[in-house]
Amino acid sequence: MFALVSILFASFLAPEVSAVIGGDLNCTVYNGTFFVWTPAAVQCQNTIADSSCAILYPTTDTLGLPAAGNNAGRPLACYTTATATPAAVVPDMKTAALANCPKTCGYCCNTDAYSCKNADFPRLNCATITNSQCNSPAWRTIIASDCPSACGFCGQGGCVDAVTNCGNDLSICQNIGMQDFVNNYCQKSCNRCPSTTTSAYGGVTGGSCSSYIADTTTQCAAWASNGFCTNNFYTYAQRRQRCATTCRLC
Ligand SMILES: *[C@@H]1O[C@H](CO)[C@@H](O)[C@H](O)[C@H]1NC(C)=O
Ligand SMILES: *[C@@H]1O[C@H](CO)[C@@H](O)[C@H](O)[C@H]1NC(C)=O
């Protein structure tokens, strides 16, 4: 009995002694057991060489540096001048880390390209978007409109090229035979972004009103959780006509 109790006690204590993300919990998500790094924590590049960051921000964690899904401790110098945990966040240290080594420090989600509001009712879970989704033609345009912060698409106005090399040859934008292609894959470079992109934000940007017309169906909450409010398959007018209140569409 005593052995059982001490095992329970030990496993209860385990999270305390294993790796714990230090400082603030920015760029982490609770996975049911631990706070772990989100993909967006490490999605960006350091602005100075990775090798320099490794020297400036050495890690003492056996798990190594922050990586998506692990709970490696944030290197101390990323957020504090103290030499042992727990340590209080020193804002200047965090600012310097953000400017130079956001990837090494797991602070990518706090950089400008990664910190903006996602859609109110995104069609996918913004917290679990992976690096390969950020680079995938099938995902990029949906992510840009619903979860811009997950891939560093903030400031793109909700619209990106679905493939990453449209800019190599902008003459394709004018080429008659390429119109289907550029309309699908080079919306940003060829200026094909739908002008309604802003309304994809569930009424946030169109939200100058303080009251909304009534929903016309009790299904709105369920539809909203399935992404109806931001689904460009329906026009803004159609979404507003059905679920103006739930979707907060002026
Ligand atoms: C992010 O960091 C800031 C300051 O470092 C802190 O005030 C804020 O509470 C943190 N947010 C989360 C979700 O941990
Ligand atoms: C939570 O993250 C920890 C550390 O990476 C991992 O060991 C654990 O299996 C994860 N738990 C769940 C439920 O995903």
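Even glycines carry a Cβ here, placed using N, Cα and C.
TrEMBL labels come from automatic prediction, so no person has curated them.
Positions annotated as disulfide bond by TrEMBL: Cys159-Cys193. Its own atom aside, the Cβ of Cys159 (disulfide bond) has 20 Cβ atoms within 10 angstroms in the protein chains shown.
If you look up TrEMBL, you'll see 108-154 (among others) marked as domain 'ShKT'.
Per TrEMBL, domain 'ShKT' is recorded for 159-193 (among others). Away from its own ends, the domain 'ShKT' (159-193) comes close to residues 135, 137-138, 140-141, 144-145, 153 of its chain (Cβ-Cβ under 8 Å, at least six residues beyond either end).
TrEMBL lists 209-250 (among others) with the feature domain 'ShKT'.
If you look up TrEMBL, you'll see 1-19 marked as signal peptide.
Within 10 Å of the C-beta of Cys193 (disulfide bond) there are 19 other C-beta atoms, taking all protein chains into account.
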